[in-house]
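Database features, via TrEMBL:
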- ASP102, GLU186: Mg(2+) 1 binding site (BINDING)
- SER251, GLU255: Mg(2+) 2 binding site (BINDING)
- ASP261: Mg(2+) 3 binding site (BINDING)
Amino acid sequence: MTRQAFPFEDYLNSVVRFLDTMEYYDTNYTAEERVSKLHYVYTNTAKHLAHYDRQKQIKMSPNNLQALIQVTVAMVVYGWATVSENVMVDLSIHFTYVLILDNSTDDNPAKSLESFHNTMLAGLPQEHPWWQMVNNHFPLVLRHYGPYCGLTLIRSTADCSYSSSFPTTHVTDIVACKVFQRCLVEQHNFMGFPGSLNYPIVLRRMNPLGQCIGSSIFPKERFDENELFSEITAGIAEMENWMVSVTGLLSFYKEFDEPRDQANLVDNYAWSNKITPEGALENLTTDTIVDSEQLLAAFRDKDPRISQTLSTFCQGYVTWHLCDPRYRLEELHSFGGESTEVSAKFHNYLQSAKEAGSVDPEAWAYPSVASLAADDLAYWSDGL
């Protein structure tokens with residue numbers, strides 16, 4: 001990517017303004033704690049997905065699956081720093097399934113959706129192996145949450161509600177529908193029509209973010225929904241917009257020249273609102289800053305457990321983006337060096353993030369998925 005092709009100065013300024021607003025400084029873990037949790041969550045996630053039966057259904061090489069697991073494990077450990085390791089494991093598995101579908105190139109989601117509705121309404125198992133794996137695992141995620149957060153996890157991920165009129169329907173048939181729907185839209189790289197101002201945000205919200213993640217940071221092991229119902233519901237509401245805007249902003253550089261990501265939030269904003277990409281980036285930056293200010297201010301005088309959980313998640317989620325090589329944000333500094341105040345400021349933020357969260361996967365992502373899968377295959381081949 002060349003400096004001329006990408007609005008480098010505007011984007012770097014946008015990211016720094018956001019980090020200033022968040023007062024970014026991640027102190028969620030010591031170095032030893034971070035490595036320990038990464039290894040624990042990775043090991044259990046990898047063992048789950050390396051199982052012989054699941055390997056038969058996952059159309060992905062062990063090495064590619066390894067890369068996806070490392071992404072989701074880091075995201076969960078960095079962001080969900082206040083939950084137990086068992087909650088982290090179940091969330092990591094769930095988000096890895098989502099990432100597997102998001103990175104799939106073998107299947108046409110439209111073909112699977114042709115039979116989805118009738119199968120769901122009849123209470124029959126879904127035909128697609130991905131649905132089957134998610135269906136089997138999602139109840140293990142829901143067990144960690146109270147009724148409201150659990151229902152929010154289901155509703156927000158699917159954008160529809162579970163009806164007791166179909167008591168045999170797998171609840172995750174509904175949950176996974178939205179993920180499939182987004183993949184179907186993104187295959188066409190459709191950016192909306194000029195003047196269709198709502199389209200960009202609707203497409204971004206098809207990601208399993210927002211209220212889904214907002215509810216998942218409040219497990220019942222730490223929060224009594226009856227005691228903190230108002231704070232939890234308000235926290236989930238604020239997290240929805242924050243996740244959409246922050247993810248859109250910090251993903252823009254990565255998505256700019258990626259063929260599968262041309263329907264990104266900034267470009268969709270520009271196309272639908274009939275404005276320049278620079279104007280769309282400024283609008284997104286403003287949204288991100290306003291959402292961040294609201295999230296920080298709304299809970300300053302509320303129960304400290306809520307404000308601490310939200311702050312911890314936000315700091316860790318930003319660290320994950322700054323340190324994950326997929327987002328390539330370190331390249332921004334290589335373009336600009338420290339020639340300007342903004343570049344120098346970004347360099348300081350980047351160094352702070354690296355000190356907190358830049359951990360070589362060799363220190364925690366072992367044993368490999370390939371070796372675990374080979375061991376499990378040998379076990380079942382022996383007839384045990």
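A Cβ is built for glycine as well, from the same backbone N, Cα and C atoms used for every other residue.
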- [ ] Let me know the DSSP-derived helix, strand or coil state of GLU255 (Mg(2+) 2 binding site), please.
- [x] helix
TODO: To the nearest whole angstrom, state the Cα distance for the pair SER251 (Mg(2+) 2 binding site) and ASP102 (Mg(2+) 1 binding site).
DONE: 15
Task: GLU255 (Mg(2+) 2 binding site) and ASP102 (Mg(2+) 1 binding site), distance between Cα atoms, whole Å - done: 14
